Structures are given as structure tokens and as C-alpha cells.
């Protein structure tokens, strides 16, 4: 089995993945959302301190799953990029300590690649090549995944990410953190869903394949300020509904532009923000339009987790992509290549 560790942001997670058939044997996770809620977003120093507390607790649960028989382990895998440096280092320190004490090889995994492999948790075979939309609090990307070693970034955000924009709008409306589920619920409760959209769709006439949410966020801020004296629940529902609708329509329009050029046969959606059911339905319709098979990460594995890191690390294990402890390091940025001109 491979023991995998995820600590790139505000989720502490450990998992055990069986090498022979890619089955997830154990998965444990502690979320920090309640600790960051009052701040309206993740506080890096607080996240780091909580990882230092939570990772050892999760390791104790892993020990129970193994019956303290560490001979079952064949490698240690750790997310080392991209993410918050102060949280990545907490996971790496644990991984290096385990690798050294158990004399096991160390695998460094890219967090974005891990999200792609969240589509294949508990599955030995993948459906690569495929294209993938990754939407989360830190990223809005279209990826082309031909195989484990060949994953390219085809489109990215020029400013805020999709999930980050939900968090910021939620904060402006005093609705708490994380913003994704709150805004989705707010939009669901709005009664007048057939009215014209009140915010402009970003990059509607741009020739660039990219995402942008800062202009939409600013339009929402102006609308909130305009209604500030009478910002009742109905007004919040209206703003939430129109914001979500425009944000998702922006994703659809840009992805459709990609579809017209690349014509993918299989398209996956991953990342924490991909739990949004309105988004999922919109992409079902888009894929139907282009006769493209849609694959979705299971809801429980959309947000950051060690299970996806374990699944992706199986590929590295088979290829013996091990890293000496003295060369193991972290990076706040991904090393996946950009191919925006393709």
C-alpha cells in the first residue's frame, strides 16, 4: 500500500491505497473550515498550526487501519506543490520522517495532477487521454491529460479563481466561509430564475481562452453597495442567484470555445467547487451538445483529499519516480506546463 498525505491548504488528510488494484483502503480527513470562517478565508499561519495538530491525529488512525503493521507500506506520497508554503511544509516534514524511519521511498505529487486522478479513485484503469476542468478556491483551469507525465494547462484564470470569487461574494454578503455551498443554497431559494441576468458575462467578446472573475466580483460589490440600506434576504438571494448564474455561464462559454477547437471525446470536472450541482448540470448539457462523455469526481473527493494523491502516486510508484530525502522540497506553484498557445 501507499500512504499518502495532503496538506496544501486547509484540509489535513491521510489515505491508504492498495497498489495491486488501486482500491482505497482508508481515508481520513480533518477540515479547518470552522476555524477560518470568521476570517472569510484561509489564514495561512492558522492553517499551518492546525495541520501540525491534526496530521499526527490522522496518523494514529492510519496505524489502527494497518494494525500497526507498517510492513504493508511500500511508499510514502506527499503533495509538495502547489499550495501554501507554510502548510505544504507540515505535510512534507511528516512524509520525510516516515520515509526515513520506515526506510520507504518518497513520492512527490503535484496537487493539480492529484485532482485529475480524483476521477479514478478505486479504479485501476484511467480513461486518459481526456480534458479536465478544475475549479476550486485556488484554481480555474482547463487541463489536457494525455497520461501521468503529460498534463498541460490549456486555460487559466487571469485573476480570481471560480471558488475564490464565491468566497469573496459570500463575505460581501456577510454569509460566511466557505462561500460555495452558501451561495448555491441562496441561489436555489431565489424565486425568479427566468429573469435576465443582471451582471455582464466576463470575457464574452474576448478571443483569449481564459477565465476572469474580478470584474464580476466588482459588479456584485457595486450592486451590494447600491442596495446597502435595504439588503434583505430576497435581495441577497437575487444577487447570489445572478452571480452564480453568470459565473457558471462564463465557465460554459469559455469551455465551449475550447470544445470547438479541440473536440475532446472525454471531459472531466474536478476540484472543490465542482460539487456545485448547477455547474454539474450545465456541463452535462454542454457535453451532450458536443457528444462528449462527461466524467465527474465523486462529491466526497472533490475538495482536497489524500485519496486522490494516493491514486495519482500509484502511477509514480510503477515508474519508480522516487525522490531522495535531501532533494524533497515544496513549491507554492505548479510545475505543470502551460500550453496556452496550442
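Glycine residues also receive a Cβ, built from the backbone N, Cα and C atoms like all the rest.
Among the features that Swiss-Prot reports, Fe cation binding site is placed at 111, 115, 304. DSSP assigns residue 115 (Fe cation binding site) to a helix.
In the three-state DSSP assignment, the secondary structure recorded for residue 135 (substrate binding site) is strand. Look at Swiss-Prot and you will find 134, 135, 136, 137, 138, 167, 180, 276 tagged as substrate binding site.
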Requested in this report: For the recorded Fe cation site, whose residues are 111, 115, 304, find every other residue on that chain with a C-beta no more than 8 angstroms from the centre of their C-beta atoms, and list them by sequence position.
Outcome: 6, 8, 79, 112, 114, 118, 136, 271, 305, 308, 309
Query raised in the report: What is the separation, in Å, between the Cα atoms of residue 276 (substrate binding site) and residue 304 (Fe cation binding site)?
Result: 15
Query raised in the report: Any idea of the Cα spread of the substrate site, 134, 135, 136, 137, 138, 167, 180, 276, as a max distance in Å?
Result: 17
Query - Proximal residue to residue 180 (substrate binding site) among binding-site residues 111, 115, 304 (C-alpha distance) - result: 304
